[in-house]
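**Student:** There's a structure below that I have some questions on.
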Protein chains: 2
Amino acid sequence: MAQHTEKAKAKLHSLNAALESGALNKVERILNSGLAPADIAHLIESSPPKARKVLWDLVDKELEGEVLQYLSEDLQAHFLSDLSAEELVDITSDLDADDVADILQQLPERVTQEVLDAMDQQDRTRLEQVLGYPEDSAGGLMNTDTVTIRPDITLEVVMRYLRRHPTLPEMTDNLLIVNRNNEFIGILTINKLLVSDPNQTVREVMTTDARVIPATMQDTDVAKLFERHDLVSAPVVDAEGKLIGRITIDDVVDVIRETADHSLMSSVGLDEEEDTFAPALKTSRRRAVWLGINLLTALAASAVIGLFDKTIEQVVALAVLMPIVASMGGIAGSQVLTLVIRGQALGHLSSANFRWLFNREIIVAGINGVLWAAVIAVITLLWFNDPGIAAIIGAAIIINLLVAAVTGAALPLILKARGIDPALAGGVVLTTVTDVIGFLSFLGLATLFYL
Amino acid sequence: MAQHTEKAKAKLHSLNAALESGALNKVERILNSGLAPADIAHLIESSPPKARKVLWDLVDKELEGEVLQYLSEDLQAHFLSDLSAEELVDITSDLDADDVADILQQLPERVTQEVLDAMDQQDRTRLEQVLGYPEDSAGGLMNTDTVTIRPDITLEVVMRYLRRHPTLPEMTDNLLIVNRNNEFIGILTINKLLVSDPNQTVREVMTTDARVIPATMQDTDVAKLFERHDLVSAPVVDAEGKLIGRITIDDVVDVIRETADHSLMSSVGLDEEEDTFAPALKTSRRRAVWLGINLLTALAASAVIGLFDKTIEQVVALAVLMPIVASMGGIAGSQVLTLVIRGQALGHLSSANFRWLFNREIIVAGINGVLWAAVIAVITLLWFNDPGIAAIIGAAIIINLLVAAVTGAALPLILKARGIDPALAGGVVLTTVTDVIGFLSFLGLATLFYL
């Protein structure tokens, strides 16, 4: 245990060696040597495509469902395509409804229906409830395996009732209290159950102001609620206040991880589900789109430069220096953009405080604009010995940093209001603006001065 | 509850309105109207500096410690500087040892010692244990509030023992079993305790292969362990196997959030603890450093262009087109870089599979290089009607995309091996390479052709 990560690395290494040498029985032995399903999934995700297929085929039939739920969506869809509806029902029978729903959503509509038809009545009803909500809502995130009790029994009775279960659902940190109509009333924390006098009734010790999650709540809002109130699980209710499931922290952690991954990967036009070891052709296609979009912005910048070709012909130092103006604007703007996008994600920004932030960014851009304009002007003067061009680049730097600040601060709000993801589009739009304004101000001022 | 985020927004809005109009009694009423400490902290973090001070002064004395632990480090340090050692002991008395340790680490050594001296013996011993480990290790992350039991008692006795507690520590999903020497033996899950026959002994139902965390484990590895095995809490042991505390999922969620924030903010040279509403001067200074570093890379690119000023003077179209070559390389490279850094963070990459990834990236760069080289060559031909320059830019694009792939894939490994954070330095180094190679190949080939 002490060297957990080291051990995992060593295992990955010997697995890869065994795979390369074709010693499949050795691979199988390592794979089924008490590795947790999550670890097996990790090994599969850490392997190139050819090895993955081999590994997947060696996984114990009984573990397949468990392993599957830890794989990325791409890989799920890939392995699932080989399975029949019966096999699917079989390998997913031990999973929580929300995890089965996630897996089924990777399949074509027709196959999903087949799988539902092959299930027993109870599992089907549960699953259909989860499938009825969007994947990124509380309803899509919930499990249906709740332990419910009535308010008028004693804790002693609750204890006896629990002992009738072979086991309780994972992460049961509270029991959910409902009335005859299955309407949610409150929770009895396990903590309270354990420290209270067994002769008290549930009603006497229950918590009625627990955090309850409406099924339609956005998953990122669910995550904020869990984070802010240190929850382990929370009940989910429908529009009528009826208890329909509960959300557990492990699924919330996945949401947090995916949201963070989304911000990071979107900034380079990739998907958070992007597979590290996707085949070359598949990944080429995805990345080509982003390169194409970037080409349009680069062409816009070139078109601006093209307007001033006469000036550049005359003063070639402009061509040498112009990338500095564009680059400084891009960097300053992306700092503001990143800060504002993060502020949005954390829920820090509102119309009430945005004005303050906006003003602060103008001041910051002013301070850094003047500072770096001076530095760059001095460098330019020493390099080209031309006070005119030094003054022009200084002015262009100040202009571009101010424009970058305004764009970086306002852009996320504008994009969000139009339903465009700022993490995806923000960087491209910002760079287009700072490139165009950078070249325009620098070459434009130079043209006024020299021609 | 149903409109949780809407409500929070509305509250933030009316708070800001009350603050602006100076209606302090109204602010105080909103603030102490049953808002959770985490919500109050959120309101403070979402406010500009002047309002923050006002809000903080209005927080109930009893809640100050709780609110403090949810604030960012910058803000903690800011508010703490006004408090005496006695006040500090007072407001932190209800917090977990790990949270107190986090707060104390914001203070000067001298003040920390004063606070420790003012504490009672038990609290001090606990706190010193946590403070003895680095902040980013399991030991720095742990709480010391464990519920321990011996293996030879019956579950009935365990139940009676628990009832003697007024409450159990938060997130107690298992009881920790130790021997006479406080050496960790195993866990008794609350789940098992509740469903088992009370006459059984702890030894009969305990789990001995639970995940145990050594105090020296890196916090990000702790997070991986929690994520991969869906843990709520896990025991922490020292080098001798003695139980010294436990880590709970709420602290792990903070680690996950901070690690993700780090990747995002580092890419623009900011800190993950960066305060959205930091004062202008403070934030200007931090950002200036990054702009300065970027200026060096921009100057390197300019120096390369400067080598070819004669060629540009002759063929001004080169100046117009050269940003396209640099920009396409930068975008393609940052895609590879981001994918590899994420792969590192997820633990997907090893020496065994890196070779495959590297080869894949060369193939992807080849495919996209040829594709976009063709597109750009055609555009150039139509624009400048010069087959020579069209061929040159096509060749330069292919060269730069290949270099970008090699750099983006290898850089994170090289930086990491030298102890430099790839998330921080990767982007700058990559852009320097793609700018320099982009200008060098395009202008260099053009010089060979035209001069």
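The backbone N, Cα and C atoms fix where each Cβ goes, glycine too.
Annotation source TrEMBL lists domain 'CBS' at B:142-205, B:206-264. As annotated by TrEMBL, transmembrane segment applies to B:288-308, B:314-341, B:362-383, B:389-415, B:427-450.
Would you situate these features in the structure and describe their surroundings?
**Tutor:** Tertiary proximity for the transmembrane segment (B:288-308) is limited to same-chain residues at least six positions away from its ends with a CB under 8 Å from its CB atoms, namely 268-270, 318, 322, 326, 428, 431-432, 435-436, 439-440, 443-444, 446-447.
Long-range contacts of the transmembrane segment (B:314-341) within the same chain: residues 263, 301, 305, 308, 349, 357, 361, 365, 368, 372, 376, 380, 384, 386, 389, 393, 396-397, 400-401, 403-405, 407-409, 411-413, 422-423, 426-427, 430-431, 433-435, 437-439, 441-443, 446, 450-451, each at least 6 residues beyond the stretch ends and with a Cβ under 8 Å from a Cβ of the stretch.
Within the chain, the transmembrane segment (B:362-383) has long-range Cβ neighbours (under 8 A, six or more residues past its boundaries) at 321, 324, 328, 332, 389-391, 393-395, 397-398, 401-402, 404-406.
Same-chain residues lying 6 or more positions outside the transmembrane segment (B:427-450) and placing a CB less than 8 Å from one of its CB atoms are 267, 293-294, 297-298, 300-301, 304-305, 307-308, 310-312, 314-315, 318, 321-322, 325-330, 332-334, 337, 388-389, 392-393, 395-396, 399-400, 403-404, 407-408, 411, 415.
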**Student:** Let me know the model's mean pLDDT on the domain 'CBS' (B:206-264).
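**Tutor:** When the pLDDT values over the domain 'CBS' (B:206-264) are averaged, the result is 93.
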